[in-house]
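Report on one structure; see the data block that follows.
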Amino acid sequence: MSDVIMRLRTLLALTFAAGALLLTFAATIVVSQFIAARVQIRAEAHTADLAEHLRQIIDANISERLGDMAVLSSVARTNATTPEARRAWVDALRESFPAYAWIGFADRTGIVLASTDGMLEGESVAARPWFKRGIEALAVIDIHEAKLLAKRLPSLPYGEPRRFVDVAMPFRDPSGAVVGVVGGHLSVSWMREMSRAAIATALKREPSVEVLILAGDGTVILGPGDQAGRRIDVDLPALPALTAGAELASARGTWPDGGDYFTGASRARPVADRPTLPWTVLVRQPVEVAKAISDPIVNQLVLGGAAFTLLFALLGWWAAERLAEPLRALAGAAGGIGHSSTNAQLPKPHGYREIAELTDALTKLLARLGERDRALAQANTDLEGRVAERTVELAEACHRAERAQARAEAGERAKGDFLATMSHEVRTPLNAIVGFGDLLRDEINLTPHQMRCIDQMRVGCEVLTTVVNDILDYARIEAHGVVLEAAPFSPRGLMEETVALVAGTAERQGLDLRLDVGAGDEHFLIGDKTRLRQVLLNLVNNAVKFTPQGSVTVSLEQAATPDGIALRVAVCDTGIGIPAEAQARLFTRFVQADSSTTRRFGGTGLGLAISKGLIEAMGGAIGLESRDGVGSTFWFRLVLPRVPTGERSPERPVAAALPRPVEDDTSRQAHLLLVEDGAINREIAQMVLEAMGYRVSIACDGSEAVKRVQEQAYDLVLMDVEMPVMDGITAMRLIRGLEGVVRAVPIIAMTAHVLPEQVRALLTAGANDHVGKPFDRTHLRAVIERCLVESAERSRAA
């Protein structure tokens, strides 16, 4: 018996506390739910009753106004048969009820016969809704803005438009035939005053409720300041009964403002079979206000339950304390053993049988733990040795990995620096070769053989430039170093600019180069215009290169999607075509259709691989359809977002990218400052610019350029980058920091630095535009002319 009593007592404290807590929790939930249900029922019924009361007042008032029309219709048939008599009646009615802005009689054709103050007399109102409905029966028209009377009545304060509620009714002659319509325009101010009067009484009784009156279109006629004038759907406060057609309903729900309300609603109903307005009265009361009635009761219940739980917990704790004393003595002895040695002995048990059994079990456990401690100490000694060895090995491996990573990063940096340096060093002499070749080409006494040699020299330079560009682009794509820009541009403008760049080559080859951009609207999108031009230019150049005769057609298709505009660009040629077995590997690096094509047409085989990498980086796709000997169509498609309205940057017109005739260009006398440290590049650039008709001054470094622009006014500066004494970037920043108009002089960075990050750095430093070396004379002239025109426009605007 003693054994059973001991085990029950150990659970006594927890049992008492848990039982009291569970009982309190259950009672709180039941009572809270009951009170909340009663509060909700009362609040919903109260808001519905209040809405119904306000609705009855409004409907009765509308019915009275319809009664006014009935009186006028009756007197028009008996006592007031002349315009003077009818005018006297309507003036008397408006005097007794000033809310009428206008009252009048119109004949069956809609001509006003008599009205207040004679307004609209002799005019036609046949097209007005009140006349059309009033000719048939007693009618009331929902709120609308004034039309014919808008300019005849005095203006309202703050420019508020006049809005009316119309009432109308046919009037008859003594024989009973309909001879016209009597109608009245009630100012909305009457509705508001009448509604406020009704609401004021309700708010005195229930200051926490809010009342909204909705017109037939859902506009709030009267309501809280943040709701007036807004459109609110009736079903937003979760009133399914009302939206299903009932005339009175109430519910609890969340409104569009995020508040939780009890809401009652009542729809307007005819009084004495007279029509009424399609209005709805909504009365809402915040849930937290209604719940304030039940919260004190629930709080008292919770506090009582907490006290009840605490009392039982103390009782259980006292009982457990009495039962746990022998156990604490044993636990203290066992704890002391744990801090000293597992070989010590526990004290001799006394008291209850369970304590003796527990002491015996702990003694045996201590013996086993002593054996395990000795084994664990030996294992720890061995483990520490192995861990030390592994730590040394791991540290050495980490050092090797760090050194390898440092070497790899240094190699990547060295490769990037090498590619940039190679590009600059190759482009610089190419600039001289291309420039002097173009000047020789312009000589009039050249033999055909000499001209052909110069042309072949230029072609070789262009091929070498393309190879350098392809190597740089492919290296960045392989290293995932391509950074795409996101700037506004026009796809149509991009197509026109790109085709204009290849037009000269196609014309010299005797090809028909066509552009089809469709007939739809021009779209402005956000994307990397420079990379898209690079891809398109590669496809068009390939088409021209591999088409001995015939035509090349460049087309653009645009379609709207949920994510923006879907673009599909296609380049179709009538060239040599591509065999089916070669098409699958065509977008692989260093690959062309076959070896004979490589020998015949040249190229690195990187162009299409680069194009594929760029298009896929933009989230698009690229492909082709081709028949051997018939021609090929290369296409790419991608989706780009639209430019938000108001943020569009105007595209430069295509004409700005094309050269204009010298004799028609008044800006050819512009005075340019050429900043170039290389004697050969300086000489060729000066000769080319002077051949274009410009006056050219020379500066050999950035420091001299900064000094010259302060001494003399120049129309434009052509700035190299890598120069002794002072580089071009520093010079541009200093010029932009000068005082006066000189700081706004157009600057074109003309350099062999052509990598995207290098170009961005130049534009950030103050360059208006960029021309890479070796430069194309046509492109250089177009950029100069564009900058001169933009500078002139800015000067005129200032």
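The backbone N, Cα and C atoms fix where each Cβ goes, and this holds for glycine too.
A TrEMBL annotation is a machine prediction, not a hand-curated record.
Per TrEMBL, transmembrane segment is recorded for 301-320.
A mean pLDDT of 65 is what the model gives for the domain 'HAMP' (321-374). The domain 'HAMP' annotation in TrEMBL covers 321-374.
The domain 'Histidine kinase' annotation in TrEMBL covers 421-642.
The domain 'Response regulatory' feature in TrEMBL is assigned to 671-788.
TrEMBL lists Asp720 with the feature 4-aspartylphosphate. Under the three-state DSSP scheme, Asp720 (4-aspartylphosphate) falls in the coil class.
According to DSSP, the secondary structure content of the domain 'Response regulatory' (671-788) in residues is 58 helix, 23 strand, 37 coil.
All protein chains considered, the CB of Asp720 (4-aspartylphosphate) has 28 other CB atoms within 10 Å.
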